[in-house]
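Everything below concerns the one structure shown next.
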Amino acid sequence: MALVTAESLKSELEMFDIPCQDDSVLDKMVEQCICSRIQADDMVLEWVAYSTTKNGLKLTMEALEHFEHEVLNKKSKSKQSFRKEETHNRTRDIHSLQDLIKAEEEEDNLLDAYSTPAKGSQKRALTTPEHPHSKRSAALLASPGLLLSPASFSPSATPSQKYSQRGGKGEVVVTFGAVQGTRWVGRKAPGVGVQLELLEGPEDSLRSSYKYMFQRLRDVRNVLTEKIEELGEGLKSHFSIEEFSPVSLPAQDSITVLGQVCCDSNGKLNAQSVLLEAGPEQGGQQVPVDLSELREYSLFPGQVVVMEGMNTTGRKLVASKLYEGVPLPFYTSEIKMETDDEPLNVLVACGPYTPSDSLTFDPLLDLINVIVRDRPDVCLLLGPFVDSKHEQIEKAQVTETFEAIFTRCIESIVDGTKSVGCRLVFVPSQRDIHHHFIYPQPPFTLPNLSKDQVQRVTLVPDPCTLLIDGVTFGLTSTDILFHMGAEEISCGTGSDRFSRILKHMLTQRSYYPLYPPVEDVNMDYEKFQSFGQMPLTPDVLIIPSELRYFVKDVVGCVCVNPGRLTKGQVGGTYGRLLIQRSATSEDKKRASPCLAAQVVKI
């Protein structure tokens, strides 16, 4: 599927003479295209048909929300069968046939390489290099370019044409804070003296056994109940609520209830299917919720909320007020720390590090060159490093083990940045094919690192909260923005969807507040209770996603989606931040430690 952009949507709208000057409306349409997996021209045709039936409805944010609920959500099921038919027809395309023939020829070449050639055959002689390198000698090469040679991974790997011909290299696409005259370089001695530690304490327990698929429902229920009670206590004290009433008890007066939002079926949540499920202390029952009297709301399955309303029959709660969650306080150091003269330069990148049509790590080599050029103090590198969704990995076209490819990839990063001396943080991903795909995810294991390398490399779990020179970073490589964006419902909030979802994460105090999780996420609830919650509100939240890159300030936390280093066959983006721990001012107002941030094209 081609990437949908605001420009392509604008040109399609102009074709139908539909004026649209509001960028937020275009961004909303792009988001709907991605979530509904439809192209720009199809999206505009759907809108034209919808607006015509509504007597020429104008293109506004509110109209788009109604359009999404009434048209796009109903289209999703029929779209799946259409996609199957489309892929079936595509196999008869002439280009696909040529690719198939080419793949068969390469397979024949590979088979010939393993067989004894006939006297007259020249095929073997032409394809064998004069001075073949053994795999062991290739692994010892110092150059990251040679370490990541495509021939070592796949017999048919060729550099991606689209990636090499990309435009806009180094172009800044998002800016945040005071970026005028900013020098994006690290300190004089990058990485030296940088304090970097995990806030959750030692992560060894994440390497111990998991109970996933052997979890008792009672244990899962206990985790969810504790979450409801803990967040309920915070809301109770913040809003000075005397007590919570049972959700299903008939009452003629207005009552205040605490519970978890859920859906009345296995389908997608909508305004008519909202249930509120109370904890055991409030009766542990479910009651349907009528949202018609609420002027504005934003809800998703798994959200812990406090509602005020009437429940005269005990069978339906007519909500009149919704209490927002309360975020945790920010980190404050007990030890008085001096303010650094120079800010800390942090680079953030998220995989995949290869184009989708080739297993060459060209984007990663370009990133290493950026690190050598800019000399950041800390590099936060999030997975996937060996992507399970890569075409050649799905088709089993690699000639080495996944662990060997990963080890070589990490070695090239560590060796390639040795001259810089920056600190490297590696975060695993659910899409890393060689690693445990369970949530929360244990850190990578790299037993072959030397003593010097161990001092520079930090292996952390997904998710985690890091303390870097007195500034807290929340990191997760799981695409919670995409998962929650497909489930959240809202009305009259006025804010964009990204800000709403990020605020939900901070107020629900969790890196993955969605329940039930999407099918791709294998949740271990006992580990999640210990490692999936936020111990505090981070100063900076790194939250990579397939959705559009951004940098936003949400309730004082700077949230960064650096995008992915590659988007399909073309280059993607990475992020960079300037961090300086600020001394508390006399009036004790907190100043954000993030001075400036940018998202840059690779």
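Each Cβ is built from the backbone N, Cα and C atoms, and glycine gets one as well.
Automated prediction, rather than curation, is the source of TrEMBL annotations.
Per TrEMBL, the features are as follows:
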DOMAIN    7-74  domain 'DNA polymerase alpha subunit B N-terminal'
REGION    75-95  region 'Disordered'
COMPBIAS  82-95  compositional bias 'Basic and acidic residues'
REGION    113-137  region 'Disordered'
DOMAIN    221-325  domain 'DNA polymerase alpha subunit B OB'
DOMAIN    346-552  domain 'DNA polymerase alpha/delta/epsilon subunit B'
- Message: For a three-state summary based on DSSP, what are the helix, strand and coil counts in the domain 'DNA polymerase alpha subunit B OB' (221-325)?
- Response: 21 helix, 40 strand, 44 coil
- Summary of DSSP states over the domain 'DNA polymerase alpha subunit B N-terminal' (7-74), given as helix, strand and coil counts: 51 helix, 0 strand, 17 coil
- Message: Just to confirm my parser: what is the rounded mean pLDDT across the domain 'DNA polymerase alpha/delta/epsilon subunit B' (346-552)?
- Response: 93
